[in-house]
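Student: Below is one structure. I have some questions about it.
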Amino acid sequence: MSYLVISELQKHYDSYHALRGINLNIKEGEFIVFVGPSGCGKSTLLRTIAGLESSSGGTIELDGKDITEVASSKRDLAMVFQSYALYPHMTVADNLSFALRLAKVPDAEIQEKVRSVSASLQLDPLLDRKPKELSGGQRQRVAIGRAIVRQPKVFLFDEPLSNLDAALRVQMRLELARLHKKLGTTMVYVTHDQIEAMTLADRVVILNAGQIEQVGTPLELYRQPNSRFVAEFIGTPKMNLIPVDNFAVQGDQLSLNLLDSSLSFPANRLAGPLPKAIVMGIRPEHLSLVEENGDFTGRVELVEHLGSEAYAHIQLGNNQTIILKASARSTLQDGDLVHIKVDSSEVILFNESDRVISVIAEEAGND
Amino acid sequence: MKRSITRLLMAPSVIMLLVWMIVPLSMTIYFSTIRYNLLYPGQNNFVGLMNFEFFITDPGFITAVANTLILLLSALIITVVLGVMLSALIDKPFFGRGIVRVLLISPFFIMPTVNALIWKNMMMNPVYGIFAWISQSLGLQPIDWLGTYPLMSVIIMVSWQWLPFAILVFVTALQSQDTEQKEAAQMDGATGWHIFRYLTIPHLARPIAVVVMIETIFLLAVFAEIFVSTGGGPGYASTNLAYLIYNQALLQYDVGVASAGGLFAVLLANIVAFFLIRAVGKNLTV
């Protein structure tokens, strides 16, 4: 049963088409992350859900009720802003209780709610302080607390961690994940950071140029990207993309010629018509070093040691560089000549319009 | 060594500023303690505090102090309240906002003398004035503003003059208000009034204090408007301290008493400023 249903949502600014027909069903209790490059419309989408931007077309339904035209104050949503947007002239306690006081909730109940929220977010010693006397992480917690205290139907987060330093960001990410487990409330979260998207989300929505590129669990997106955009966007370092010079289907083999070697895959047929061109995608961890008989040969340009692992940037012929994940104890040196083996079961192929090519590999005799 | 050089280099400007302030002040203090009437030259003997006594027991004194305070407070209230309301009103974008803003600011560019003449002859004149014309077209008796309500007329002129200053300061302050805070309040269920009351007014606390402080300095010394329009009258009805001092010095040629009045005005300004700033500072920073 879908809880928050967005259908055919459009948003036009004067001359700019920010959202081009968004369709999305969000289940109750889900943690949904909108991710995409800047300008892709993810914040606009969130703000339209919040009611801070009016939609130019389409509908938004929450819990079976059409809220497209409802004022944001009546939508029963809470939002955490990038700048936290705490009320600077009020103490932390007043910030937390502001919405409840406006709603004329009885004093005793307000105090009870504020106390329980401040206890769960460790805000107790800060209740009498003003926002400017708090550190970034504390402000962040107050902003989250202000959202929680109202017990809204959906939490909206607009890049809430982007103003924090790296260490604090990791910590707050964990706290958010914990909070979602505890509250079980639906959360919609906007970020440009794919690590936040991967670690927090039940499902990730990848947006590009005002449209949804793909929706799926983090692992689905990582393993089965629909398009070259998703494949490149998810994963650090990026997926290696190598243009294929030419290809042929011979019996149950699809063979690709690229650079100075050829690869073949067990594939009876391609789903859909034959593509005009193919780009091969392979993630750094699906390449391995071999003594001989590798698929490619290249020269190590640079090795990045990250402690737990190392990434080797390898220059193949034709000015093509690929990244390979090596073990931490790798003794690779700049300038080494290496042989690389491709794990062909992990290869992803894209056609000329950057969509993924589904290769149907049927077992022999099945047909 | 190093410190003495910095002091040496700073000395000229510091001394310059000090002289600029000290000389007029000490001369005023000196004049206030001697008999110094331009009609009796050469009889400048020391008289102690007699000039102060003369000034304070002047028949116009109590009225002048009261008028000064009434003028100050009324103009402050009018400019701050109207200023906040108007600037909040023109904060949201609308067609022709630029022109409206320029029109709202423009009275500030008009010099006080001209301002007073415009109000006296074009607006408040019981025969030719626009107010008179309005009254007549409604079938009412035109009011002789300057004759009947002299102090109120001056207050209107001065407020018209200073409202643009308040608007200018408040509009700039409103532009620096964080939109995300307003959006957050909106999400929290706040209405436009709630946002105005709980976010905008506290945000304007400091600008309001600035406006009150600066306007206090100038409003305590309103002179041109009174001089041009009512001439302090009828009687002492629209005489304030500045006008009373002028009256002593240049109409009665008594520089000594005028100096004493000047010193009293300095004292009054300090007292008023002290209380106003404290009151504003306390009440608005919620």
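Cβ atoms here come from the backbone N, Cα and C positions, even for glycine.
TrEMBL lists B:65-276 with the feature domain 'ABC transmembrane type-1'. Here TrEMBL flags B:9-31, B:61-86, B:98-119, B:151-174, B:207-230, B:250-277 as transmembrane segment.
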Student: So what's near the transmembrane segment (B:61-86) in sequence-distant terms, Cβ-Cβ under 8 Å and 6+ beyond its ends?
Tutor: 55, 104, 151, 154-155, 158-159, 162-163, 165-167, 169-170, 201, 204, 208, 211-212, 215-216, 219-220, 222, 236-244, 268, 272, 276
Student: To the transmembrane segment (B:98-119), which of B:9-31, B:151-174, B:207-230, B:250-277 is linked by the most Cβ pairs under 8 Å?
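Tutor: Selected stretch: B:151-174, with the most Cβ pairs under 8 Å.
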Student: When you scan the chain for residues with a C-beta under 8 Å from the transmembrane segment (B:9-31), skipping those not six or more beyond its ends, what do you find?
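Tutor: Distal contacts: 255-256, 259, 262-263.
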